[in-house]
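Colleague: One structure, pasted below without further comment.
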Amino acid sequence: MPDARRFIELPGPVRMYRGGELPSVTIAYETWGELRGQGDNALLLFTGLSPSAHAASSMADPSPGWWEYMIGPGKPIDTERFFVIAINSLGSCFGSTGPASINPATGQPYRLDFPKLSVEDIVAAARGACRALGIDHVHTVAGASLGGMDALAYAVMYPGTYRDIISISAAAHATPFTIALRSIQREAVRADPAWAGGNYAPGEGPKDGMRVARQLGILTYRSAEEWLQRFDRERLEGSDDSANPFAMAFQVQSYMEANARKFADRFDANCYLYLSQAMDLFDMAEHGDGSLEAAVRRIDAKRALVAGVTTDWLFPLWQQRQVAELLEHAGVAVSYHELGSIQGHDAFLVDSERFAPMVAEFLAHSS
């Protein structure tokens, strides 16, 4: 299969934000466009929890990426203008070092010997990758969901190394609701006997637990209105299974099951647990001695795009307004958008009619 990934080895030991260290780190990434100068046209893109670095198609890998409508020649993130670097998160399972990677000290996967992961670790690894590529200053730091948290953390941690910020459907910290939700998802994984305390064989693991966790995630990534429009109460053909009183009866169940099985087959369970917890632990106020305002004052961006969706349960609009207001008070020129998509938190992935013009306009006015 085509593979556009490239890899950077960061020398160790790499100290982790909440303690522990890794002897070395590999970061997988993909790029589009041509780098100019010292990186003045570089756009650093962070991903959500589950995607790889394959954000868009390329000559090396023509398969569509997870943000295909957004990245490419003549698209909102125009690769004739920008050099786009998409980073596979530290802790993930698509090429970057994570719990599924081999621990050189043992010759076995790290599993739960992997140190506690934080958003700050993901960001520090991405910063190291940029510097290894000879890029000390990027034009824009961008991301959505976990990637938006990463972008905000990058802005706080490395002032003076970027010009603009794009934060979509993200937040300065997790809420009790999302912490509780992700805790239940992680519990579903750990309650599966196949998790085996994290010591399952490569390629194996708690498929049933991951499937349940993903179904719960899918439910919250979209909105009740969209579920109604897409599926209503449509039943499955031949769903009257007298031998199984709890057999699937509705189209929506079939959709969630198929999506969840696909995810469980491709994503490592321990990596999922670590990345999920990292989202819960993130709090920008830690970079301001407990004060969000003090933390955001470290950000020296010229401009920021902050956007959210009216139907997003996970990162509600009040959190987008909070980020926008904090940035404005810090002297950043903010372009703020509340988008009326019915597609919930995942709208940025699929609602090109709303998101593409917004991003295109913001970047068009960014010199």
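Our numbering is plain: 1 for the first residue shown, then up by one each step along the chain.
Using the three backbone atoms N, Cα and C, a Cβ is placed for every residue, glycine included.
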Colleague: Please identify the range among 48-51, 308-311, 328-331 that Swiss-Prot labels region 'Important for substrate specificity'.
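Modeller: Within the set 48-51, 308-311, 328-331, Swiss-Prot attaches region 'Important for substrate specificity' to 48-51.
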Colleague: Suppose we draw a 10 Å sphere around the Cβ of Asp312 (active site). How many other Cβ atoms does it contain, all chains included?
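Modeller: Cβ-Cβ neighbours of Asp312 (active site) within 10 Å number 25.
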Colleague: How far is it from Asp312 (active site) to His345 (active site), counting Cα to Cα, in Å?
Modeller: 5
Colleague: With an 8 Å cut-off on Cβ-Cβ distance and a minimum sequence separation of at least 6, pull the same-chain contacts of Ser145 (active site, nucleophile), or say none.
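Modeller: Long-range Cβ contacts: Gly48, Leu49, Ile168, Ser169, Ala170, Leu314, Phe315, His345, Phe348.
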Colleague: Whole-number Å only: compute the distance from the Cα of Asp346 (substrate binding site) to the Cα of Arg182 (site 'Important for acyl-CoA specificity').
Modeller: 16
